[in-house]
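J.: Sharing the feature lines straight out of TrEMBL:
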DOMAIN    354-425  domain 'Anaphase-promoting complex subunit 4-like WD40'
DOMAIN    718-944  domain 'Peptidase C14 caspase'
REPEAT    38-70  repeat 'WD'
REPEAT    81-122  repeat 'WD'
REPEAT    139-163  repeat 'WD'
REPEAT    174-215  repeat 'WD'
REPEAT    344-376  repeat 'WD'
REPEAT    395-427  repeat 'WD'
REPEAT    470-511  repeat 'WD'
REPEAT    511-552  repeat 'WD'
Amino acid sequence: MDGEDATAFTPDGHFFALAHHKTIQVFNRLSGKLVREITIPRKEIRTLAFSPDGTYLAAAGNAGSIWVWNWPTEIQLVASLPGHRKDVNSIAFSPDGNYIASGSDDETVRVWEWRKRSEIRQQNLSIKGVKGWFQNNHIRSVGFSPDGRQVVCGGTDEIVWVWPWLENSSATAFEGHSGDINQVLFLPDGESVMSASDDKTVRIWSLSNPDYVRTFPAEDDVSAVAYQPGYVLLGQRNGLIRVHNEVTKDTIKTFDTGHRRLRGLTLSRDGWYLLSVGTEKAVYIWEWASGVEQKRLQAANIDPRQGVECLAISPDSRLVLAGGRGTNNLRSWQAKDGRQIHTYKGFRRVVKSMEFSPNGQFLAISSTDSSVYVYETNRPDQPVYKLRLPVQTISLDFSPDGQWLALGRSDGIISLWDWTAARTSTDSLKMPVGSVECVRFYDNKFLVSSGNSQAIIVWDWRLRSIKNRLIGHTGSVYTLAFSPDKQLMVSGGTDNSARVWNWEQKRCIDTVIHQSWVRSVCFSTDGQYVVSSDQNGTILRWAPQSPEPPRTIAATCKPITAVRFSPDRQYIFSGSNEPGGRVSVWWSGLPPVVMDTEEGSVYVSWVGQPPAQISAPTYTAHALLIGADPALKDSVKLYLNAQPVTGGKTLETRSINRPDGGFDLEKSVQLSEGTNTLQWRMTRTGLPDVVSSTYTIRYTPPSKPNLFVFAFGIVNQSSDLTPLLYTVPDAIELAEALKQQRGKLFDEVDVQTYTTSAETSCQKIRETFEEIGQMGDKILPKDLLIVFISGHGQTVRGAFRIAGSDYSNRKASTTSVDLHREVFAQLAELECKKLILLDACHSGDAKFGSRTTPSVEDTQRILANLPPQSVLITSSKGDESSWEDKSWGHGAFTKALLEAIEGRANKNDDQTTTVRELYKYLEQTVPTMVQSLKNKPQTPLLKASDANSQLDKIPLFWHGSTTKTYPNQPAKH
């Protein structure tokens, strides 16, 4: 607001500034409390403006100078910009906050790089030195375009000027008004400008077609104007406000504000409330309309004084979740009708981030109390898990397998939490600069993070290493989202840009510029569109790499902290953290993602696209019948392979979230092996059928996994080590026993043995594991990998190593293999399940020593940092030897392994032996064998990289219905 009593609102709407004569006061809007006061001696303040991030307050007045303060924590003058020769009537910050435009009675408009306290080419609006360009023109209003490249201004010369100031081109004149121009502004599309004049009109001018002008008449001089997509709000000088339909120009509503002389209008950040200012210095708040957007969820359910920080939609698309501030600040609703389902209890602080688990059964949230909570989605009373951290978690995400949570913290650390086992990984990732603002898993191996460093970092989180950096943003990056196929990623940040990346190629393929910093981004379910929102309250919907310009869905003037597409992409959910904010639902302007055919206003539409391939024989199809008479619902049928499906159910509840109504349809089908064709059809007598999209689902029963075995029997001839006699028989006989599993639990069994001196040299072992790590195209996630190593184990410089066949004490580091760095690190490249069997002395620890009772840290040191989806079983503890005996022809550990493979470990007669059964057998059998021989301990250990509840049930061996019995032989060394 510009003039005698100037006003301005912070972008987040929490505060407003009022200038009267030489004093500026900043108030809390909700409480009315005065929080800051600035006095400028002998000056008259005429105009105010807040920077886009709300950190800086600029003012100007009758001295021809412009002042900029840092105000939130303390009043600090950071810039003074002298230069205008007369009063300054209007100022505006550029969308990126780097520049200030000013309009003055000296007939000039100037652009300043205010941080450098410099005017950018004083001749900018004199248009290449032509004097008198704005003769007798007191500039009353200025404003930047959404991209910041143009300035619009208007004043007493009755002309609207648009100046491409970055190109230093001449200003374009738009003539037609017959009275002073009081206010000008760009529309959110950046292609049109609006002006309010004393000639009792508001006009919208097309920049591309100057002859195309839309005029909105008033009954008095128009002193102020506000714009909401679809509506024009005229503030007449006599205090009346008129609301016009933007398209038809009809007057929808007129109401009297009561101001003796109305001077300014400002829309609230959610677009629902209008603030009016008059010469009596009163600020009134009005609910100007109720039909601008489709309301289905009321954020007043969260707290009428609070707001929305984040949104989530459940994987089955049935629930919408909103989290915010205050008490009762996490609630869920039915997406179809807005009915509230749950209020989650157990915490009272602000919800910072939340995500559903991939199966939708659990919900993780982070709060400003520095804790992370996991709830069962349908049990809101108390969290089932809680993790307390030293600092706040700003962003979190589930891994695709649902087992891990990545926690992006305010101290710049990404913690990995195996929440199913209630344990946090000892490893973490550290951002180069500042806090972690967003973290997203790509798959079970890679994740991406962003923050204050401007770069987006791609991590191989299993190896704790950086794979890529995506460079392009020039400010902090606060939000990230992957496309459904994970081929593209969209990001948004404080440089006011939303960018789409081909993240594997490290290439930005499209950029959209907002008026303010981008708070939230999301892909549609088909991956064709992006929705992005900003701090100024603008929501844009756009198609990456499309010539179609972004479409403004909403311009609410309230920071939009979260946006999400509905599953059918017809709606966009948005939420604001502004006090009094609400969850709103907007029409996206897109047709249903799956609708092919429409007959009039009646059609049947899929809800969610069926998967292309599934391994379960049953599929439940969902659809909506839109715009139909209730009697027609029984005529809608699901067709499977051209035959109508009987049974199922039609939900009788009228869908109130659509203005044209609708019925929800749900039917389950039994699929045949192979390709199945599904269609929804609505049959009407005498009329063609209405047919939805046709989908094919391929049902493939789950196949058996394959087994891959790599067995190493290492013989060392060096006098530096005690000779081992049975490492080769250990590897060969174990491999032969596992070959017999082909066609039982596994489709195929691929066995490789390495027993010669050449095959088991240190360098050859390294090369072999490098090759194994690159077999991801052959060893699939469903497969099982068994690595067996029999040989000498020892500690060299604090790291546990396996001695190669060429081992020498003098070259211990180069003739032995580091278990962690050269074996585990390579296996981490594979996504399959892994069983690592280690028959070596001291294999349960990373140190030698004479301890009788090893510490917990020592006994588990080697067992940390396992590859993902791994189980490691060692033959002994760290302070124990592993024994072999000639009467068996094996080591004690391997002998017990062979017995387990043949069936002795199976205790429940289900014809299979699991990891847990195997370990229990080894744990009971090996100590007895060795104790009877040498009166020495040998205790196998087990460690799983993931939750035991998931990995200990892996079936390993099938041995039929009979179980062999064995004589109880004593062990001999």
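Cβ atoms are placed via backbone N, Cα and C, with glycine included.
From a predicted model like this one, the values you see are computed outputs, not experimental measurements.
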J.: Going along the chain, which residues at least six beyond the ends of the repeat 'WD' (81-122) come within the CB cut-off of under 8 Å?
T.: 2-3, 46-53, 56, 58-62, 64-68, 133-144, 146-148, 151, 153, 155, 161, 163, 165, 168, 495-496, 513-516, 536
J.: Grab the same-chain neighbours of the repeat 'WD' (139-163) for me: Cβ-Cβ under 8 Å, and only residues 6 or more beyond its ends, written as numbers and ranges.
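T.: For the repeat 'WD' (139-163), the nonlocal Cβ contacts are 2, 89-96, 99, 101-105, 107-109, 111, 124-125, 169-175, 177-186, 188-190, 193, 195, 197, 199, 203, 205, 207, 496, 513-515, 538.
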J.: So if I exclude everything within five residues of the ends of the repeat 'WD' (38-70), which remaining residues of that chain have a CB under 8 angstroms from its CBs? That is, six or more out.
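T.: Result: 1-4, 6-12, 15, 17, 19-26, 76-93, 95-97, 100, 102, 104, 106, 112, 114, 494, 496, 515-517, 535-536.
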J.: In the predicted model, what is the mean pLDDT computed over the repeat 'WD' (470-511)?
T.: 91
